[in-house]
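Q: Copying in the features that Swiss-Prot gives for the protein in this structure:
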ACT_SITE  71  active site, proton donor
BINDING   69, 100, 103  Zn(2+) binding site
DOMAIN    15-141  domain 'CMP/dCMP-type deaminase'
């Protein structure tokens, strides 16, 4: 494999509660949050239920010599784990940031490879939502059949229950939905 290409790695099982609370709130401007987390679940045709799905968490790699966005980490991992392109897959992502234009393009190409895969993306925040290039990337995903939405309270609770190492702590929605209404309206406007 070329050294500049993302290499597959194993996803994390869960993330720390403080990491979740810091990186996932619906915020317009999230200073200091340079990492992107991607929580995923993969359901195959035989197991279209959450109980039997493959799930985990990817985080972007920020090393200058081996940069890899969380979406790229997932795509590389998925191709290794699920080489059969004619099977049916239902994939759900919960992202702390929406995809950049490059990742959006790579996801569209990935969906052309896996024609029987449905992808739903629930994102906490919109990355550079005012930039036309980022808007175009989201539109390309939408046009490719990707379900796109801003994470709701139910989505946050699902992530807490399935992707956070909460050690029995109860889910608290405090501050997670701060700018939900604005972000949801902005996404709808972009996709119109």
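Including glycine, each Cβ sits where the backbone N, Cα and C put it.
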Q: Could you list the residues of the same chain, at least six apart in sequence, whose Cβ is under 8 A from the Cβ of residue 100 (Zn(2+) binding site)?
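A: Residue 100 (Zn(2+) binding site) has long-range Cβ partners 69, 127, 128, 134, 137.
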Q: Quick check: which same-chain residues outside 69, 100, 103 lie with their CB within 8 A of the centre of the Zn(2+) site CB atoms?
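A: Nearby residues not in the site list: 36, 60, 70, 71, 72, 99, 101, 102, 104, 106.
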Q: With an 8 Å cut-off on Cβ-Cβ distance and a minimum sequence separation of at least 6, pull the same-chain contacts of residue 71 (active site, proton donor), or say none.
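A: For residue 71 (active site, proton donor), the qualifying residues are 38, 93, 95, 99, 103, 106, 107.
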Q: With every protein chain in view, what's the tally of Cβ atoms within 10 Å of the Cβ of residue 69 (Zn(2+) binding site), excluding that atom itself?
A: 22
Q: Summarise the domain 'CMP/dCMP-type deaminase' (15-141) as counts of helix, strand and coil residues per DSSP.
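A: Within the domain 'CMP/dCMP-type deaminase' (15-141) the tally stands at 48 helix, 31 strand, 48 coil.
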Q: If you draw a 10 Å sphere on the Cβ of residue 103 (Zn(2+) binding site), how many other Cβ atoms land inside?
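A: The Cβ of residue 103 (Zn(2+) binding site) has 25 Cβ neighbours within 10 Å.
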